[in-house]
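What TrEMBL says about this protein:
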DOMAIN    215-381  domain 'Helicase ATP-binding'
DOMAIN    421-642  domain 'Helicase C-terminal'
BINDING   CYS440, CYS443, CYS480, CYS483  Zn(2+) 1 binding site
BINDING   CYS449, CYS452, CYS467, CYS470  Zn(2+) 2 binding site
Amino acid sequence: MSEPIYLRVAVPVPVRSLFDYLPPPGVDHRALVPGIRVLVPFGSGRRCGVLVEVSNRAAGEGGVLKPALRLLDHEPLLPAGDLDLLRWAADYYQHPVGDVVTAALPARLRQGREPLDDIRSGWRVTGTGKAVDPTTLSRAPRQATLLALLQGEAGGLTLEELRERGGDSRSALRALQQKGWVERCLVEPRPRPLPERSPAPTLGREQKQALDAIGGRLGRFAAILLEGVTGSGKTEVYLGAVEQVLERGRQVLVLVPEIGLTPQLVGRFQRRLRAPVVLLHSGLSDGERERAWQQARRGTARVVIGTRSAVFVPLPELGLVIVDEEHDLSLKQQEGFRYSARDVAVMRARRCGCPVVLGSATPSLESLRNALDGRYLHRRLTRRAGGAAQPRMDLLDIRSVRLDAGVSPALLRLVGETLDAGDQVLLFLNRRGYAPILTCFDCGWVARCRRCDAHMTLHWKSRRLWCHHCGSQRPLERTCPDCGGAGLHPLGQGTERLEEMLRGRFPDAGLVRVDRDSTQRRGSMERLLEEIRAGRHRLLVGTQMLAKGHHFPDVTLVGILDVDQGLFGADFRAGERMAQMVTQVAGRAGRAAKPGRVVIQTRHPDHPLMQDLVRQGYDAFARAALAERRAACLPPYSHQVLLRAESVRPEQPVGFLEQAVEMARRHAGPEVGFWGPVPAPMERRAGRYRAHLLLQADRRQPLQQLLAAWIPELAATRLARRVRWSIDVDPQEMF
Ligand code: ADP
Ligand code: ZN
Ligand code: ZN
């Protein structure tokens, strides 16, 4: 008789272990390949899990194991190396392995459904439609565009392809369908027509050195920090490296913080490379995402550009990983499975033996320390490409200055002069809405969120009060709810209020506001960016959405209205974030032939951090900040883990955490320090009371050892089932 065989299966349930099953009856054991999906009985129902290991010993003891019901795939969806990476990540970040592994699959596959085949639904012209001259549709330009596109492609186009080519209007399609000129059809996949190639510029000396450093390390692990000032041509270095990797027949993974913010990057990759590039981000439909994922897995896609979760996409021939804007907070997932896509990317490159490039104008202090200590190779681009100068930065002291919607008369004068000269101006304020506070001048009432310890933000256009912490909303009161008086007034300003003031003063500047409220509709961000580049708007007002990655050649003045909260934030990273933000926003100025100027309003012009940043740049700031962190034993000179807890009952979170500390002390060596439990800075949020416990050690290892012993024990306690709690390894935010 042959050995018994056990299947170890990752099942999407919040339990920190794999589950053992027997093989489905009658299944050929050669079909039991890790990485395939299996349908298993679970509780009273069934779940779709992923086979992770085949073993001849059961992990748990006793009990009668049930057989799995059915294998769902013939070939592994997750190859062995990728499965290992997922298991490592589940361990390192202390997140249930079943959740981590199954979340790496596209939604439909996770639900146990059949993979999509490659025939896609789309649209094509009818016989009558073929004969229609699109120019006769001049009163309906969208229909004309669509008709022309479809006439050019007899086999039809999918909605996705229509969108890429600039004709993604369902209403126009329906109108054409009613006329009988287009119809639905199935579209065969075909190689994409590659767009016209744009030639590469001749690289500058520093760019060449950076490229050589990467090119010389293909085929083995190396981490390279590419620290290049904004506009220094980092993307050109990436492209050069990608070309070399593609020539060697390998795939490339490019991680970017937010795809919506980097359409230009994607366009540049597609125009430059003679290879299929696919995108992976949350804006795709489930079907689109699954197709892109499958193309990556099968190797038909050679370059994958994606947001953080793309770090787990299967790539059988991975040869290079690039993390653009490696400092960006959105590379860290802040809920559920809390992982850093940057750190996982480095681990992935190490495991598969290929280089990883971390690029930024404002590197995180973590990466900078690794570079300065020699663990990462450090290449710098110190000058802007193509001869553009670095912008000049000035602090504008606004103590005892009368501001109008947050703007000083001196800055307003500069705005006027710049607009008169025909250039573009960008004003940056990282707060949306009209005003952060609504108060009654008669009795002192302030609009507060009923579910959080926070003020409601006034949104004037929609006449609503909004809590930016929990999302609750209510209509704006006309009179004070406390005294009934008419003395309600907004205090402080957000982008809406700034917009209102500036429209009044500069009515002809074509002002545009770019923030989350003004770009909610799909595609609206791209449209706004297009209009800005075309010169339709000369006055740009925005939040950090405007700060990242964009290239606006005609912006010569950047005004930063409110940086002071970054200087005194409760979080020890507040200064780093402020400096990154200021440098990134400033980097939008004067990127082309015209020199740029940056004006930063502050009430603390003598603050040493501000002085370092403005006089000597991010580089000097970051080195000074690292010295401070070292002296204070803060990350990156130590490692942290944050245990958060929340509950509707005020006493429970701290109670749970106290029990947790006690338990942890029994497992912890002397190297691990504990801070707390303490209530979170904003104790009540969305109706729950929150508290946390911070753990810190000089090395990762004692923390990891502690977690491995402590968390399973903690999870089994009674209180652990009453409060909501989570563990955050290498936390980026302290609340
Ligand atoms: P970064 O990614 O560092 O912000 P980019 O790669 O976007 O910089 O380069 C900024 C601008 O300079 C782009 O318009 C790019 O085409 C141009 N550029 C980059 N490298 C060169 C070069 N070697 N010669 C001429 N222009 C360049
Ligand atoms: Zn009142
Ligand atoms: Zn709230």
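Backbone N, Cα and C define each Cβ position, glycine as well.
Feature map: TrEMBL annotations on the structure.
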{"residue": "CYS440", "record": "Zn(2+) 1 binding site", "DSSP (3 states)": "strand"}
{"residue": "CYS449", "record": "Zn(2+) 2 binding site", "DSSP (3 states)": "coil"}
{"residue": "CYS467", "record": "Zn(2+) 2 binding site", "DSSP (3 states)": "coil"}
{"residue": "CYS480", "record": "Zn(2+) 1 binding site", "DSSP (3 states)": "coil"}
Are there any residues in the same chain, six or more apart in sequence, whose C-beta is under 8 angstroms from the C-beta of CYS470 (Zn(2+) 2 binding site), and if so which?
CYS449, ARG451, CYS452, ARG685, ALA686, GLY687
Going by a 10 angstroms cut-off between Cβ atoms, which of the binding-site residues CYS449, CYS467, CYS480, CYS483 has the sparsest surroundings?
CYS483
Rounded to a whole angstrom, what is the C-alpha distance between CYS467 (Zn(2+) 2 binding site) and CYS440 (Zn(2+) 1 binding site)?
18
Ligand 2: which of the binding-site residues CYS449, CYS452, CYS467, CYS470 have a Cβ closer than 6 angstroms to it?
none
Under 8 Å by Cβ from CYS443 (Zn(2+) 1 binding site), same chain, sequence gap 6 or more:
CYS480, ASP482, CYS483, GLY485, GLY487
Please give the average pLDDT for the domain 'Helicase ATP-binding' (215-381) in this predicted model.
93
With an 8 Å cut-off on Cβ-Cβ distance and a minimum sequence separation of at least 6, pull the same-chain contacts of CYS440 (Zn(2+) 1 binding site), or say none.
VAL446, CYS480, ASP482, CYS483, GLY485, GLY487, LEU488, HIS489
Any of the binding-site residues CYS440, CYS449, CYS452, CYS467, CYS470, CYS480 with a C-beta atom under 6 A from ligand 3? Give them in order, or none.
CYS449, CYS452, CYS467, CYS470
Remaining residues near the recorded Zn(2+) 1 site, that is with C-beta within 8 Å of the centroid of the site residues CYS440, CYS443, CYS480, CYS483:
PHE441, ASP442, GLY444, TRP445, PRO481, ASP482, GLY484, GLY485, GLY487, LEU488
